[in-house]
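What follows is a set of notes on a single structure, which appears directly below.
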Amino acid sequence: MNKKDTCEIFCYDEEKVNRIQGDLKTIDIVSVAQMLKAIADENRAKITYALCQDEELCVCDIANIIGITVANASHHLRTLHKQGIVRYRKEGKLAFYSLDDEHIRQIMMIVLEHKKEVNVNV
């Protein structure tokens, strides 16, 4: 077992632990985790990236861009919508999707930039 990345003795900073535990009780970390989990799916990450590149895309465009069926794209878009990542508007029989706000674009761009800086293999 590689012990280079772990403490060799058990001790902790009680003040830091108590402060951060208190902070965690005041935020909705479960919702944050659910939002990040939604984007963590490969197809949903591709959809999010596509919507970073163009302000608004219809479901058919998205399906073609990432190479899945319209039904599958709709399923992924519903998941993203439920998590507040995308919004949509109807125009006749077409549904157009966009990112919910600039924060989502920033998150995606920051993660992409970070990926360039670190050597992480999946």
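Just so you know, the numbers here start at 1 and follow the chain as drawn.
From the backbone N, Cα and C atoms, a Cβ is placed for every residue, glycine too.
As annotated by Swiss-Prot, Cd(2+) binding site applies to Cys7, Cys11, Cys58, Cys60, with the evidence given as sequence analysis. In this chain, none of the residues that are 6 or more apart from Cys11 (Cd(2+) binding site) has a CB less than 8 Å from its CB.
Along the domain 'HTH arsR-type' (24-119), the predicted structure has mean pLDDT 97. Residues annotated as domain 'HTH arsR-type' in Swiss-Prot, with sequence analysis given as evidence: 24-119.
If you look up Swiss-Prot, you'll see 59-78 marked as DNA-binding region, on the strength of sequence analysis. Residues 41, 43-44, 46-47, 50-51, 86, 88, 94-95, 97 of the same chain lie 6+ residues outside the DNA-binding region (59-78) yet bring a C-beta within less than 8 angstroms of a C-beta in it.
Helix, strand and coil content of the DNA-binding region (59-78), in residues and according to DSSP, is 17 helix, 0 strand, 3 coil. The binding-site residues examined here are Cys7, Cys58, Cys60; by Cβ neighbour count within 10 Å, the least packed of them is Cys7.
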